[in-house]
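Participant: First, the structure itself, so that you have it in front of you.
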Amino acid sequence: MTGGRLLPRPRSIRARYTLIVAMLSVIVLTVIGVSLDFAIRNATQARVFQTTQHIAVDWLASMTPGRTPDRAPPAPDLLHRADLLQVTDSRGRVVAAPTTPAGTPPVSVTPPASAERVQNRTVCDPAHDRCVMVTAIRVPPQLDQQSAEPHYIYAGKTEPRIIATNRLEMLIGAGVLLVAAFSAWVTWWGVGRTLRPVAAIRARASQITPGDLSLRVPEPPRDDEIAQLARTANRTFAEIEETVGHQRQFAQIVSHELRSPVAGLRVRLEEALMYPDEVDPLDTIRTALSTTERLQSIIDEVLAYARVKNGVTALEPVDLIALVREEAGSRAYGPPVRMRADGELKVLGNRLQLVGVVNNLLANAQRHAETTVEVAVERRDGQAVVIVSDDGDGIAPEDRERVFEPFVRLADGRRRDPGGSGLGLAICRAIVRAHHGTLRVEDSPRGARFAVRLPLSHSDRPAAEPAGVARPVVPVR
């Protein structure tokens with residue numbers, strides 16, 4: 001016995017459902033069988049008593065008034081229909097017994113009371129292991145003018161074997177067991193057929209390994225829960241494969257990005273060791289420090305990118321206009337930043353991560369701008385929109401998605417910022433996506449135009465105003 005159970009619980013769903021159906025079938029069919037047994041017994045007894053009552057009434061009808069019952073023998077057909085015919089007087093003495101089958105027990109039925117004319121009883125003889133179903137009818141005294149006392153007619157038939165023995169119960173019990181067994185077999189077969197795709201899904205899922213994530217579980221052609229489970233599993237496997245692929249690609253790119261500065265640092269150090277008289281040690285140290293700073297910058301950005309991929313925490317209502325105004329005003333170097341926004345516009349997010357997005361976009365715009373950078377914050381279609389524009393050379397349409405890939409740097413970017421890692425815009429997009437928003441490059445008559453769209457916080461949504469409201473251009477610096 002395990003866990004207080006009298007019987008161990010079946011481990012498989014198929015066995016559990018089969019056991020449950022078998023038990024319920026036995027219970028329900030037993031109730032039906034008992035009810036059927038009572039119904040058959042009652043119907044059989046009612047039919048036999050109806051026959052004996054008709055026999056007794058027919059014999060009574062054949063009697064002639066003024067004659068004693070012993071002088072009114074029954075008709076021959078009554079003798080064939082009845083197994084017992086007797087007439088007794090009020091003192092219980094047998095007056096007439098035209099038929100007495102061998103082994104038939106004597107009638108010991110109490111005569112009907114004066115208020116009761118007909119009475120049905122079953123009389124059993126334990127010695128002969130037989131029972132007789134008897135109907136007793138009280139004969140009024142008017143039919144016997146000589147004795148002027150009531151007589152009693154008894155008509156009986158041997159109890160049918162279907163109710164005299166346990167054959168009916170045995171037949172019903174056998175039927176219950178057969179139907180329950182058939183129900184259990186049908187359940188076992190049906191559940192097994194239903195769960196057959198699960199076995200195929202389990203077998204295929206066991207073949208999916210980290211080394212090969214391209215396999216998919218078979219999807220049943222129907223649209224039930226198992227098919228939905230298979231489709232969900234395949235979507236999950238596809239997402240895992242895509243994520244692992246990105247991680248592997250990212251690891252390769254990181255390795256490639258780190259290899260060049262590490263190799264350059266090693267060459268400079270080896271030169272200093274091999275040619276100590278020709279290489280200036282201070283120059284070697286300065287070069288090593290510069291290289292390690294770049295390595296540290298790359299590693300910090302890789303860690304930041306990984307943290308963003310793990311999700312956003314510490315969400316709070318953030319006034320986006322105030323945040324952008326504060327960050328734009330802190331840009332001490334580069335082309336001036338002009339901001340177009342007023343009032344409040346709140347989003348739900350992580351303030352530090354949103355600050356990083358704004359700073360990255362402003363730094364990127366200042367790096368490529370010729371004279372000025374413009375920032376606009378507005379409400380549009382139920383979203384907060386931040387637009388950062390510059391008047392530089394812009395981004396070609398075919399490169400507008402590539403710039404958001406990790407470590408992708410266009411030729412103009414490498415020229416303007418040779419020490420960059422190419423992770424800034426990738427981190428920005430990852431943060432915006434983690435906030436359920438979008439970041440993309442839009443068309444612009446001149447330069448590049450980055451648009452960030454974030455969902456408004458619930459407290460700020462009722463205060464929506466129509467899109468396209470003109471706001472004054474306010475120089476931040």
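Heads up, the Cβ atoms here are built off N, Cα and C, so glycines get one too.
Bear in mind that TrEMBL entries carry predicted annotations, made automatically and left uncurated.
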Participant: When you get a sec, could you say which of 57-76, 97-116, 457-476 is annotated region 'Disordered' by TrEMBL?
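Facilitator: Feature region 'Disordered' in TrEMBL: residues 97-116.
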Participant: Restricting to the same chain and to residues at least six past its boundaries, which positions have a Cβ under 8 Å from a Cβ of the transmembrane segment (20-40)?
Facilitator: 162-163, 168-169, 172-173, 175-177, 179-181, 183-184, 187
Participant: Let me know the model's mean pLDDT on the domain 'HAMP' (192-245).
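Facilitator: Per the prediction, mean pLDDT sits at 86 for the domain 'HAMP' (192-245).
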Participant: Summarise the domain 'HAMP' (192-245) by DSSP state, stating how many residues are helix, strand and coil.
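Facilitator: So the domain 'HAMP' (192-245) is made up of 34 helix, 2 strand, 18 coil.
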